[in-house]
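Visitor: What TrEMBL records for this protein is below:
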TRANSMEM  B:6-27  transmembrane segment
TRANSMEM  B:34-55  transmembrane segment
TRANSMEM  B:61-84  transmembrane segment
TRANSMEM  B:91-114  transmembrane segment
TRANSMEM  B:141-159  transmembrane segment
TRANSMEM  B:180-199  transmembrane segment
TRANSMEM  B:239-260  transmembrane segment
TRANSMEM  B:266-283  transmembrane segment
Amino acid sequence: MALLELDGVTAGYTAVDALNGISLRVEDGEIVTLLGANGAGKTTTLRTISGLMKPRSGSIRFMGQEIAGASANAIVRLGLSHVPEGRRIFPGLTVRENILLGSSNRGRVPRAELDRDLEAAFGIFPDILKFADSPGWTLSGGQQQMVAVARGLMARPKLLMLDEPSLGLAPIIVQQVFRTIADIRARGTTVLLVEQNAHMALSIADRGYVLETGRLIVEGPPATLLDNEEVRAAYLGGRVTAE
Amino acid sequence: MSMIPQLLFTGLGIGSIYALVALGFVLIYRATNVVNFAQGDFSMIGAFIMVVLAIDLGVPYWIAVIVAVVTMAAFGILFNYGVYYPLRHRTFLPVVISTIGASILLQNGVLAAYGPHPQSLPPMLPFPGFTVGGVFLDSQYLLILVVTFALVALQYLFFERTMLGKKLQATSQDKEMASLLGIPVALMIGITFAYSAVLGGVAGILVAPLLFVSINMGSTIALKAFAASIIGGFGDVTGAIVGGLALGVVETFGAAYISVPYKDGFAFLVLFLFLMVRPQGVFGEKVAEKA
């Protein structure tokens, strides 16, 4: 049984469907990446999975349980954490408070356990420890991204969905973020990664899907996607050969 | 020589009432992005609940106060589900109209039940007050100052030191993100309405012995409180408190030194000056879209 399974999911903001029958699966322990151009429907797919949008039709199963149409609150309580695009740090709360609130889906958690998890989060992102008591808005984009991922991990998710974690970050920070994602999977958390930076995403992913205007056009391991002419032309550009 | 401290004392007392109501405005505004035009009516309802309990039913005064405060919290939740919740996915305009409708309904409901004659409540403490250094400290004003200070301190501790307080803040800053983290947004907004209704109710209960209890007592207070929250910087908690206190003081000094009939006008003169010179208020930031 796949950890997450979408079957014929359609969804949209207007009368026109932004997602046109998406079927995909994420197995336990995988890093799966969802690639595609701007407006292909990557973010909409994640928003539909996490309950921010209701699918118009199709089924979404998480650990065998149907979650299509459930509230965002109910879905995150099952252990499916969504770190949305743009990081969405609470600007008026401190870094520590932002990260602690990530545990809201777990109900009452003993303070000692929260402190251990918080320590573990700062262990993964040592760079943000010195900002623990600074308000969220004072951090740089890269630091905010780390806080956002740390906050997502505080949910102790079985599946962590990351939307464009590299967006707007300096190349050196991007490498650091991707190393951390690989590290998170090594610790046992399954990852569904939406990215524009296809090369970086495929460098750590087990499998990938390519979305084009609301449809999945190709699926496979990184080597297959990197070899696919259509994918190279559309999303990878000429840099494949240059590297 | 004791005139200035005397006026300052009175001004801060009445300013505390404005501050409590202004806080209610701000907390609901931060949680829902909508100005609650029935905020003043929370004070009126609180005062009328006291009239019913303490005068009509003869419940001992302090028990009546406790029952009234608890009733106000329940009223706030009811208000949330009746006035805000069904429209929560709409733009601000239907919600604003809904709160105006609620205000009209509440005032006319009480009018139908009690008639147009103002009611009165006795002072809450059994002694008139003290004289310290030539300044008479009226017991009701003292009580207002003490209760306001205690409420503001408690509120600060609650928002800054508890997880629930942090969840309420998170909800007011980004509702969608809060829901993604598993924070029950609707419950958080319900709690905000309950607390804002308590703040308004407490203001009404405290000020009732100084004014008559009438169906439009809330409108006058709310108008001043609204002005106070703009002067302080709309949406800012500290601004609401400082704005409320400042307005009370300005009004009291204006009445004493310039003109009593124009007492209500001073508040709006200050508001007008602020809107001209510093529209973002004392603590507000300039309105700008963040990237």
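Every residue gets a Cβ built from N, Cα and C, even glycine.
Caution: TrEMBL annotation is automatic and unverified by curators.
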Visitor: Determine which recorded stretch among B:6-27, B:61-84, B:91-114, B:180-199, B:266-283 has the most C-beta pairs below 8 angstroms with the transmembrane segment (B:141-159).
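Guide: Answer, by Cβ pair count: B:6-27.
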Visitor: So if I exclude everything within five residues of the ends of the transmembrane segment (B:61-84), which remaining residues of that chain have a CB under 8 angstroms from its CBs? That is, six or more out.
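Guide: The answer is 32, 34, 38, 42, 45-46, 49-50, 53-54, 95, 98-99, 101-102, 122, 124, 189-190, 193-198, 200-202, 205.
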Visitor: Report the listed stretch (B:6-27, B:34-55, B:180-199, B:239-260, B:266-283) having the maximum count of Cβ pairs within less than 8 Å of the transmembrane segment (B:91-114).
Guide: B:34-55
Visitor: Quick check for me: are there 3+ Cβ pairs below 8 Å between the transmembrane segment (B:6-27) and the transmembrane segment (B:266-283), leaving out pairs under 6 residues apart?
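Guide: Answer no: the transmembrane segment (B:6-27) and the transmembrane segment (B:266-283) share fewer than 3 Cβ pairs below 8 Å.
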Visitor: For the transmembrane segment (B:266-283), give me same-chain residues lying six or more residues beyond its boundaries with a C-beta closer than 8 angstroms to one of its C-beta atoms, as numbers and ranges.
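Guide: Sequence-remote neighbours of the transmembrane segment (B:266-283) are 223-224, 227-234, 236, 238-239, 242-243, 246-247, 250-251, 254-255, 258.
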Visitor: Six or more residues out from either end of the transmembrane segment (B:180-199), which same-chain residues have a Cβ under 8 Å from its Cβ atoms?
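Guide: Distant contacts of the transmembrane segment (B:180-199): 20-21, 23-25, 27-28, 31-32, 36, 39, 42, 69, 72-77, 79-81, 84-85, 88, 151, 164, 167-168, 170-172.
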Visitor: Report, as numbers and ranges, which residues of the same chain sit near the transmembrane segment (B:34-55): CB under 8 Å and 6 or more residues beyond its ends.
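Guide: Apart from its flanks, the transmembrane segment (B:34-55) reaches 21, 24-25, 28, 61, 63-65, 67-69, 71-72, 75-76, 79, 83-84, 92, 95-96, 99-100, 102-103, 106-107, 110, 114, 119, 121, 196-197, 199-205, 207-208, 213-223, 225-226.
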